[in-house]
Structures are given as C-alpha cells and as structure tokens.
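According to Swiss-Prot:
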BINDING   ARG33, ARG82, THR115, LYS175, ARG277, VAL278, ARG279  GTP binding site
BINDING   CYS40, CYS44, CYS47  [4Fe-4S] cluster 1 binding site
BINDING   TYR46, GLY86, SER139, MET209  S-adenosyl-L-methionine binding site
BINDING   CYS272, CYS275, CYS289  [4Fe-4S] cluster 2 binding site
DOMAIN    24-248  domain 'Radical SAM core'
Amino acid sequence: MNNRVGTIGNASPLTADAHPMIDPFGRAVTYLRVSVTDRCDFRCTYCMAENMTFLPKKDLLTLEELDRLCSAFIAKGVSKIRLTGGEPLVRKNIMYLVRKLGAKIGSGLDELTLTTNGSQLSRHAAELHDCGVRRINVSLDTLDPDKFRKITRWGDFDKVMEGIDAAQKAGIKIKLNAVALKNFNDAEIPDLLRFAHGRGMDLTVIETMPMGEIEEDRTDQYLPLSELRADLERQFTLTDIDYQTGGPARYVRVSETGGRLGFITPMTHNFCESCNRVRLTCTGTLYMCLGQNDAADLRAALRATEDDALLHAAIDEAITRKPKGHDFIIDRTHNRPAVARHMSVTGG
C-alpha cells in the first residue's frame, strides 16, 4: 500500500498518520459502520416487520455526501469502514461509493468491507474485489431452503448460494453470520459450522438484539450463546484463541474442522469495554453506541459549508458523548425493544 496524501472533491485530506479519536473511556475509535440504506430485499423476522415503512428517499444523503463524511472520519483516524444497511447492495449506484472509498485504501484507510445478505453478490462480487474489498460478512441463518424462506420472508436461498460462490471465485474471503434463534435454528448450528469450514469460511453466531418493533416475541427467540457453546462442546473441541478482526466477536478454534467460530454476545457477555466503533446512518445521524439512543446530526454540519472544519468539530463533540456501554436487556415483563429504532436503520 502506498501512503500518499490526497484530497477528493471537497472531502477532507486523507492521511495515514491521522491520530485516532479517543472517547471518554480511553478507547480509540478506528472503525466506522455506514448504513447506506434502510431498505432491504429481505424481511428477516428478527430484524424488521414485514410491512416496513422506509425512509423517504429524499431524506437520504447522496453518495457523494456519504463519501465526504467517510473521508472526514478517515482524516480523524478511522482505518476501517464497513458498509451496511438494510442491504447495502440494493442502494442505487452503490458501486460509485465503493469505488470512491476503495481508492482511499492505503491513504489512511486500511480496510473497506461490507455486510450483506448475499442476494446481490453474484452481480457485484467481481467489481467489489476490483475496488479493494477483500473480506465480507454474509448473513445466513439456515441451510434449509424452506426455513430460509420462512425467516427471511422474501429471500431466495439459491440466489444467496450463487452469491457466495461468486464472491469466493472473485477472491473475497467470507465470514458467515448466523443469528441464533431458540427452537428455530439452534439445532442447525453444527451443520452451518461444517458447511462454512468446509468451504474455508469462518462462522460467527450472534445473540438476537432487542432493537425495533417486530411481530415476533424476542423473549421466545432469545438463546444465550453460553448454552449454544455448551451444546456444541458435546460434538466439537473448542479452544479459545486470540484472534481479532476489529469487531466484537470472541473466537474459538474447532479442532475437528480446523476452522474458526466466533461468538457475538451483546446480552450475556457484552463487548463494550473494547468498543472501537461508531455507526453512521444514511441520513447523516451518528450513533456512538448501537444500544443507546443518543445521536449526533452530522448532516447539518455537512451541508452548512463546503469547508470541513464544522463537520470535524461535530464529530469531535459526538465522540465525547460515546457511552461506556449499551442498555440491551431481554425482558418478558416489558414487551418492547430496548432501542426503538430498527437494526436496518442503524446498520447491523
């Protein structure tokens, strides 16, 4: 990678020596997750209602504005950007933003990646790789096509498999993400593990999070991953390893397959003490914590002037409000989410 300094449009100068932002608890903020759209071509039962009301398209930042915002964060020490949604690849002309951000790799940005449901991968995989994307996360909760249809409501299992094939053929490494749902897919996790490891992919299992109103009762879906790990250890030898990808997963090595298995446990063993990330929505709202409602409006600063001084000041002020941890709780006595906004707005 080169270490040149450059400026793109009115965006902030990009430099590899930018010092990371430090929050009130001494954590360096080096990771930006950008939800480029709240729209999705699936309606996963744990994520959103089937008849979702999405943001008016006129409220979304333009791709050029998202590029400028990302550039400001890179100038302030962010070295990893993940594009999320909704489903990021359904955003019109999204590859424009991917190309612009990919051009910043080596100029302050170390890695550009994305989380996807895989539905659009078959047509975008080669170009994603050409733009510098080397790793992606694909959400896949089951290998049973009928159950896949049930949980996604609108999803096409074969299309996702084609997308995984295309991404691997293009040279992109894949990590599968599976949300563990009690009495739905918990018995399938061993098969998902064998499938992933058999194809050279990591697997991460995730506890369901209480975000947004859905038709399902999350207390019925919730499965502590400590229970899942105990079940897996009846079949596999799991050894804790010191492996980090910049995210919250804690990894083990599976002796029988040789592959890695990650656990993301926001409910039973939160990852707040090492949190290095903030989340930007497609409307320019910055959430300093996934599980808190406090937010900063960066759109106003972005549009106030072509100079980035005001934007940088707004980002700095927001980081001073990054909390120590989230407020997630699964509580059957209060049948409401801990955070009202849906994951598709915040970016999962």
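Glycine is treated like the rest: Cβ placed from N, Cα and C.
For the domain 'Radical SAM core' (24-248), the model's average pLDDT works out to 94. Fewest other C-beta atoms within 10 Å: among the binding-site residues CYS47, MET209, CYS272, that description fits CYS272. CYS44 ([4Fe-4S] cluster 1 binding site) falls outside any helix or strand according to DSSP and counts as coil. All protein chains shown were included, and the count of other CB atoms within 10 Å of the CB of ARG82 (GTP binding site) stands at 24. Listed in sequence order, ARG135, ILE136, ASN137, VAL138, MET201, ASP202, LEU203, THR204, THR245, GLY262 are the same-chain residues at least 6 apart in sequence whose CB falls under 8 Å from the CB of LYS175 (GTP binding site).
Among the binding-site residues listed (CYS40, CYS47, GLY86, SER139, CYS275), SER139 has its Cα nearest to the Cα of THR115 (GTP binding site). Secondary structure at LYS175 (GTP binding site), as computed by DSSP, is strand.
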